[in-house]
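Notes follow the structure.
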Amino acid sequence: MENITNVMEYEAIAKEKLPKMIYDYYASGAEDQWTLRENRNAYSRILFRPRILVDVSKIDTTATVLGFKISMPIMLAPTAMQKMAHPEGELATARAASAAGTIMTLSSWGTCSVEEVASTGPGVRFFQLYVLKDRNVVAQLVNMAEKAGFKAIALTVDTPRLGRREADIKNRFALPSNLTLKNFEGLDLGTVDRTNDSGLASYVADQVDRSLNWKDVKWLQTITKLPILVKGVLTAEDANLAVQVGVAGIIVSNHGARQLDYVPATITALEEVVKAAQGRVPVFMDGGVRRGTDVFKALALGASGVFIGRPYVFALAADGEVGVRKALKMLHDEFELTMALSGCRSIKEITRAHIVTPWDALRVTPRL
Ligand code: GLV
């Protein structure tokens, strides 16, 4: 494990260690998995325009997210059922995030509860919310998160139904029987059991409210004081609606390419959303982030920060808390190096002119 030099190397170790059903659940995307590949490939079409002879003897990677100062603009996205990856699951992730000085987002479908995660010690944490048909349960969940000291709600808006992940269907994916969705313990909300389909797809069909719409975002604002981020925006139209409804921020996400296949890579969709938001709310993104250079590209396109998912889940599977810590450190160090080699001393200095994208052909080049 000492020889690991980038976050991608954890995936092969995780694949070896984990039962096939579990590895496949984390790894797979929807249907043809075009978007899954594109989430990565799109970064390789964005190139740098580095500035030279800038004094980069001091680099400041810190960022401010919803008023919280963090060590770097790299945060942890919600990923479900982490005890399938490692016995310490979300607890190990929470400790590693705090140690790295960054934000963890706990999934509604965590195998640890909000209270358990809070009990690991101080740290800024967000709670990812699926709106269930039973609104009393939703209100209870949000209340629990608020009481446990969570600082924001990341409302997933791209999952009225679960995307078709064929590996999960073939494997008859189910949550191992020694684990539960801890936040729902004591509530009669069914289980992610073996069916003749993906157990999670059936669970979502039973529990998640397909009627969720913008009015419900307003309703959510009435039941909590926490800032609400909408996670799953891919268009200018929806960015506008999100701002109108008064969200605290937008997360450009295609759910790790696990929902609708053939949506663009998030790094491709990001700038459209940033332009529509017009600086009225911060825009974040997730999807395919594996390198510090990816983080820099997202910031150059206007993101206020990025979230990672699979890289830390595979690091968790491979090496527990130590793995997640190391994954975060490697991304931090790569990002800092990218800043130095591009001539940026703070994230404020990262600009659109530091990159060139395939859609820049019509842009005016800087005048000499
Ligand atoms: C959960 O959010 C999943 O995409 O499996």
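Quick reminder: no glycine exception, Cβ is built from N, Cα and C everywhere.
All TrEMBL annotations are machine predictions without curation.
The structure displayed is predicted, hence computed values, not measured ones.
Taken from TrEMBL, the feature active site, proton acceptor applies to H255. Other Cβ atoms within 10 Å of the Cβ of H255 (active site, proton acceptor), summed over all protein chains shown, number 24.
Look at TrEMBL and you will find Y25, R165, H255 tagged as glyoxylate binding site. Sequence-distant neighbours of R165 (glyoxylate binding site) (same chain, 6+ apart, CB under 8 A from its CB) are Y25, S28, G29, A30, S198, A201, R258.
What TrEMBL records for 78-80, S107, Q128, Y130, T156, K231, S253, R258, 286-290, 309-310 is FMN binding site. Secondary structure at T156 (FMN binding site), taken from DSSP and collapsed to helix, strand or coil, is strand. Take the CB of T156 (FMN binding site) and look out to 10 A: across all protein chains shown you find 22 other CB atoms.
The domain 'FMN hydroxy acid dehydrogenase' annotation in TrEMBL covers 1-360.
Listed in sequence order, T105, L106, S107, S108, F126, Q128, A154, T156, G309 are the same-chain residues six or more apart from P78 (FMN binding site) with CB atoms under 8 A from its CB. Take the CB of S107 (FMN binding site) and look out to 10 A: across all protein chains shown you find 22 other CB atoms. Under the three-state DSSP scheme, H255 (active site, proton acceptor) falls in the helix class. The residues near the glyoxylate site, meaning same-chain residues not in Y25, R165, H255 whose C-beta sits within 8 angstroms of the mean position of the site's C-beta atoms, are Y26, S28, G29, A30, L162, G163, D168, L200, G256, R258, in sequence order.
Proximity of the binding-site residues (Y25, R165, R258, G288, G309) to ligand 1: a Cβ under 6 Å from the molecule is found for R258. Within 10 Å of the C-beta atom of Y25 (glyoxylate binding site) sit 26 other C-beta atoms, taking all shown protein chains into account.
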